[in-house]
Amino acid sequence: MEASVTIQTRSGSYVVTAGTGIRKQVIKYLPKSYESIYIVSDQTVADLYLEDIKKQFASNQVDSYVVPSGEASKSIDQYYELITDALEKGLNRHSLVIALGGGVVGDLVGFFASTFMRGIDFVQMPTTILAHDSSVGGKVGINHALGKNLIGSFYPPVAVIYDVETLKSLPLREVRSGYAEVVKHGFLEGESFFRDVIRADLTKPLDERTLTKHLLQGIQVKAAVVERDERESYHRMFLNFGHTLGHALESELGYGTWTHGEAVAIGMLFALKVSQRTFRVDLPYEAYYEWIKTNGYPTVLPPLKAESLINKMKKDKKTKNKQIQMVLLKAVGHPVIQQMEEEFLYNQLKDFLGELVD
Ligand SMILES: NC(=O)c1ccc[n+]([C@@H]2O[C@H](COP(=O)([O-])OP(=O)(O)OC[C@H]3O[C@@H](n4cnc5c(N)ncnc54)[C@H](O)[C@@H]3O)[C@@H](O)[C@H]2O)c1
Ligand SMILES: O=C(O)C(=O)C[C@@H](O)[C@H](O)[C@H](O)COP(=O)(O)O
Ligand SMILES: [Zn+2]
């Protein structure tokens, strides 16, 4: 199986190829040849797949660097260490950087590539379900103690090489986490995709055809938005559905305590509730809540202060005129950007946290 989607934006175009076993033919998907190759991965992924990629290049042409697995690697310290290592190894503007891993590696390495010598080419080689989202669209960056992804840039890769075979080694927690972004794409696209996604039973081994179909549908939803509004002047904000609270939770709980997908899953539940109360519409809140519970997403929160979360939400990049903006739904497939009145939002959040606390 192999399928490709071309992403065409004002800043250029690149091809996303998804297929089984394609990590073993990297050179086939590169847009040109390079003086040297620098592969960056995390420890877990490197142990599993780094050698498969490395051995495709001459030994005097390829170098690699391995970062610790997990969200904590999206840090300014890790970024600086990467720059130092690359300088020591003699990387230059004729080199190619390969980000082999999930969203953490993709975001960190993409940001490194965007700033190293004012920018060198990089390729995304996603290895998680979640990275069907993170590897496409060119958002790269790292975290700050005050908020998620607050340091970053828009820097598209020159290619995305997505070997879906690597997803077989993902632990259940990461399958769940990745599916949160798949269901997000369903909420944004419409009833049919959404209903199809929440039919998935993540606790059982995933049917490869269904998984690949969901990933490609998700990539297409994302590609269409990115092509329309790469730099997020308006429509791209829709891709932030569930993220205003989700990012605040990640930061407030401590990066890596909850996965990105777990936090976004709860963020979407909250966004559905707020949407229903704001627009007096009937959304599939119960069906979605049931799906996340049955599939083992965390639905019980440790005690958290609504006030602290609201302060984190104010640091969100969508904030305008000091007012929090959330992505809400008028219907499945009909997202809107809504300026939130602070007292209303605070009360909604307080109620919501009360319902989810142990
Ligand atoms: N740039 C974007 O558009 C965008 C979009 C969505 C999410 N993100 C970011 O992505 C990050 C989350 O990405 P993630 O969920 O992929 O996390 P991740 O990169 O930390 O990977 C999750 C875990 O799975 C392990 N892993 C990765 N691939 C594996 C494989 N094939 N087999 C076994 N283990 C494997 C990793 O070592 C890690 O421990 C967050 O920082 C989030 O903010 C960015
Ligand atoms: O690509 C986008 O745009 C998204 O919002 C996708 C999100 O899933 C992703 O988590 C992204 O990193 C969030 O972007 P941010 O600008 O809010 O940090
Ligand atoms: Zn996300």
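Placement of Cβ uses the backbone N, Cα and C atoms for every residue, glycine included.
The annotation in TrEMBL ties GLU181, HIS243 to Zn(2+), and of the candidates under consideration, HIS144, HIS260, the one tied to the same site is HIS260. Taking a C-beta cut-off of under 8 Å and a sequence gap of six or more, SER69 (NAD(+) binding site) has these contacts in its own chain: ASP42, GLN43, THR44, VAL45, VAL104. Residue counts of the domain '3-dehydroquinate synthase N-terminal' (65-176) by helix, strand and coil are 47 helix, 34 strand, 31 coil (DSSP-based). VAL105 (NAD(+) binding site) is 20 Å away from HIS243 (Zn(2+) binding site) when you measure Cα to Cα. Predicted-model confidence for the domain '3-dehydroquinate synthase N-terminal' (65-176) is 98, expressed as mean pLDDT.
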